[in-house]
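The domain 'Alpha-D-phosphohexomutase alpha/beta/alpha' annotation in TrEMBL covers 64-104. Residues or ranges marked as Mg(2+) binding site in TrEMBL: Ser74, Asp317, Asp319, Asp321. Per TrEMBL, the feature domain 'Phosphoacetylglucosamine mutase AMG1' maps to 213-324, 342-473. Sequence annotations record features per position, and here TrEMBL assigns substrate binding site to Glu418, Ala419, Asn420, Arg535, Ala536, Ser537, Gly538, Thr539, Arg544. The feature domain 'Alpha-D-phosphohexomutase C-terminal' is assigned by TrEMBL to 489-561.
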Amino acid sequence: MEDMKSLLVSSLSNLTDSKYLLNNQDNIKYIPYGTAGFRGKADEVEHLFLRVGLVAGMISWSQRANVGVMITASHNPVEDNGVKIIGSTGGMLSLEWERIVEEFCNFKAQSIEEVVGKLFSLVELQTLSGAGGDTTTTLVGVKSEPKSSNHGQAFIGCDTRPSSRRLVELTQKGLAAWKIIEYKFMGEITTPALHFIVGQATFEQNNSISSINYYDKLLNGFVALFDGEMQNDEAKQNYDRARLVIDCANGVGSRTMEYLFRGESSLLKKYLPAKLINIGDQKDDILNYECGADYVKTKHLPPRGANELNKRYASLDGDADRVVYSYLKRDFDDSLELVLLDGDKILALYTKYLTDTLRKYHLNESLTLGAIQTAYANGASTDYLKDKLNLSNVDCVDTGVKHLHKRALNYDFGIYFEANGHGTIWVSDKAKKIIEDRGIKELQQLLGILNNYTGDAISDILIVEMILNHYDWDVEQWDELYRDRPNSLIKIKVTDRSLVVTTNAGRTCLKPEGLQAEIDRIVAQFKPGSRSFVRASGTENVVRVYAECDSQEGADQLAQLIGEKVIEYCNK
């Protein structure tokens, strides 16, 4: 291990970007590693990336594991950027590794020896889960050099932001310092595709897989599903394949969508002749500007180019890991009004389909099915799952997709979605074996278009279309599964967001003392079924207040009253 330290010190001594190595300038901000990794203005996070390469190399070397580095700021504006590290199993890093990444990348050093010493000491002092998180074996630090001759491999990907290539270069320099770590730049790639590539490299020992291989897998699964359905098109009363319009957010997902839907060899355009908008081919096309999943969800406005009735719109975000649907209808004054179908509605659709299918094949007793949400899920969706579908396993976990994915592992079919449109279906090995042994085509085809590692907007679109086709539903019928309760989400600026401590998956406030009692008192003044909770932001010095009520006016008022109490208790 001392030899490796010396090698790193020697390698790093030759770097020309030493200012990014020491990170001891006074104007450098401390950047937390949140649920989405590091994120911020590109010029404010640039100093982290050489260190990101170093710590990714440490993960790969110390665990003899594959690792992924995805450079993206997802739905954030184009001037932002960020990075998250993907574990060897294709999922998130363990919490222990996340803490090491945050502390090491923000550490201010006076010498290269201090940088290298800090990295090794952090790892030696920790009890670490494997690079894949909770799904791998546990070990204690790195007390001696691993004996395996396999040094692991790092896969780097980025989105289409102008700042991404510079950040890739810095990451590569950090990885290159290890000398023995192989790394591969996968180019501009969607986040879910990189998750898949890392996972497949580990489980299938296939280091040559590309994003094209992954999306060909989705394509072939979808074509196999629809091939037998084409002849039934005339019998369809509601579902129309040609009504789909995909908003690509002017992001990296547009490259994949063009390959899938417009490529000369693509069969998908025959089975799903979707129209693509916001693909970044116009001079004024800007990533996530007036388009994309977050814009549609938070602004409740249609994306640029969406102006037709009788269409269903699917909006990706900048790195194509989340999706929301929407459609337009005439308002009372004859203007066009947007109707949103967010992650909660997608979860409800998935859960209905799997509930019906498992019962159809008498698997509902032998295989477990669970739906996982966060506190931000609309209460009407939770009621639908419990009361209409009679699903006993409806779980609420802390915000952050890593928490949802972890809980999903408890089930044979673990369906999870955040309201923002990020989610997927986890399928256990037991369920896969039963599906294959019994030759259940419906579920075999579902597995063919599923990303089992993380949420994938493109995979989710194909699954939604598959289910709508199965039920012969258009988007309006899907929307009728339940009606959302009016809700309000506001942000309150505070001097110190860490004052707010919650439990019960974020639904109960422990600190400041007395705030939860005030929340309960205020909620009791509104109609039964109303609710509200507060949660400190993971990235901003704000506290978010969520409220539901029987009317929009009531929800807005409830959120405002709770917000005033947050100010009173947090800004004393």
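Here the Cβ of each residue, glycine as well, is placed from N, Cα and C on the backbone.
Please treat TrEMBL annotations as automatic predictions, because they have not gone through curation.
Shown here: features listed in TrEMBL, placed on the structure.
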residue : record                 : contacts (Cβ under 8 Å, 6+ apart)
Ser74   : Mg(2+) binding site    : Ala36, Arg39, Gly82, Thr191, Asp317, Gly318, Asp319, Asp321, Arg322
Glu418  : substrate binding site : Arg322, Gly343, Gln373, Thr374, Tyr376, Ala377, Thr399, Val401, Leu404
Asn420  : substrate binding site : Ala293, Asp294, Lys297, Arg322, Val324, Asp342, Gly343
Ala536  : substrate binding site : Arg497, Ser498, Leu499, Val500, Val501, Thr502, Val542, Val543, Arg544
Gly538  : substrate binding site : Pro32, Gly34, Thr35, Thr399, Gly400
For the domain 'Alpha-D-phosphohexomutase alpha/beta/alpha' (64-104), I need the partner stretch with the highest count of C-beta pairs below 8 angstroms, choosing only from 213-324, 342-473, 489-561.
213-324
For the Mg(2+) site given as Ser74, Asp317, Asp319, Asp321, which other residues of the same chain have their Cβ within 8 Å of the site's Cβ centre?
Thr72, His75, Asp159, Thr190, Thr191, Gly251, Ala293, Leu316, Gly318, Ala320, Arg322, His422, Ala457
Which of the three DSSP-derived classes (helix, strand, coil) applies to Ala536 (substrate binding site)?
strand
Over the domain 'Alpha-D-phosphohexomutase C-terminal' (489-561), work out the mean pLDDT and round it to an integer.
94
For the domain 'Alpha-D-phosphohexomutase C-terminal' (489-561), the DSSP residue counts stand at 22 helix, 25 strand, 26 coil
DSSP helix, strand and coil counts for the domain 'Phosphoacetylglucosamine mutase AMG1' (213-324)?
45 helix, 14 strand, 53 coil
What three-state class does DSSP give Asn420 (substrate binding site)?
coil
How many neighbouring Cβ atoms, not counting its own, are there within 10 Å of the Cβ of Asp321 (Mg(2+) binding site)?
33
